[in-house]
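Following: one structure in structure tokens, then a few remarks.
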Amino acid sequence: MDENKKRALAAALGQIEKQFGKGSVMRMGDRVVEPVEAIPTGSLMLDIALGIGGLPKGRVVEIYGPESSGKTTLTLQAIAECQKMGGTAAFIDAEHALDPIYAAKLGVNVDDLLLSQPDTGEQALEIADMLVRSGSVDILVIDSVAALTPKAEIEGEMGDQLPGLQARLMSQALRKLTGNIKRSNTLVIFINQLRMKIGVMMPGQSPETTTGGNALKFYASVRLDIRRIGAIKKGDEIIGNQTKIKVVKNKLAPPFKQVITEILYGEGISREGELIDMGVDAKLVEKAGAWYSYGEERIGQGKDNARGYLRDNPTVAAKLEAELREKFQPAEAAREEGDDEGEDE
């Protein structure tokens, strides 16, 4: 760059700093690039698939899927992990459906959890913004986007047609929230529901879409698609769900990773079950018939007994986890038409 241009740039930067404050514009090389802080999800498999060890702080995350697929369970486990690290958590329950007893079973300290059950979508998002701006909340969950009902809809008649109202509300809120989220380094998780698109579909295109318009798809740094794919049985009794979690969008690491984990009723994501499955995949745990072995030790006949052994022997589980963090590679998920929808990269 010639001298005249350098002087002009220095003058412009000086004027910008004077008007907008120091650090308004900076050279990338002047600042040390620090790794993104992450909050673990409670699922070792998912933490590895996300590439940064969990969900990123200072970013927006969207978790969506069909009903009873484990969306709220996953967010409550992330809250529990955040509280274990000494963080403060807030839960905006727009669905008015949070069960504190279930949350406590998942490890959430419900006495310290900040809870809001707002009347309107505007109130929910305003409370979220105020909590984020306080800079003292580490993780904030909004459950769910579909339940953020605009004030005009609540005050109107049952049959009133108000097209695009919720989408406009989300778009406006996210424009306002994003900068504050980054500055306060808060992880904000939006839980979302699925709806079916009405009308003619292109071949190969998914008929499913999320509620609240396209704004959240653009602003989210991570999008997770969570689905129940089977039942876990103990004899004839169903004790949980087999769940597939797909990283549909990831701005911080390669996306399209996929994991299959277990969510047990009343317990949440089975850490021990994950260690066994991952250990078998990574050839650290040997499976011969119904028996599972780790090193020289037989750890159980059948998965349920092996799970119990790891639960009773935390040092063995910790050793296996440390080895798996180095070796385990999550599966690549098949890309679908709808996966790129709303991505800006």
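Including glycine, each Cβ sits where the backbone N, Cα and C put it.
According to Swiss-Prot, the protein carries these features:
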BINDING   G65, P66, E67, S68, S69, G70, K71, T72  ATP binding site
COMPBIAS  326-336  compositional bias 'Basic and acidic residues'
REGION    326-345  region 'Disordered'
Hey, which of the binding-site residues S68, S69 is the loneliest by Cβ count within 10 Å?
S68
Might you list, by sequence position, any residue in that chain lying six or more from G65 (ATP binding site) with a Cβ less than 8 Å away from its Cβ?
K71, L194, D225, I226, R227
Cβ within 8 Å of the ATP site centroid (G65, P66, E67, S68, S69, G70, K71, T72 excluded): which residues?
I226, R227, R228
In this structure, which of the binding-site residues P66, G70 has the fewest other Cβ atoms within 10 Å of its Cβ?
P66
Cβ-Cβ under 8 Å from E67 (ATP binding site), same chain, 6 or more residues apart: which ones?
Q193
Just to be sure I understand the packing, how many Cβ atoms besides its own are within 10 Å of the Cβ of K71 (ATP binding site)?
22
Reading the DSSP string in three states, the entry for E67 (ATP binding site) is coil
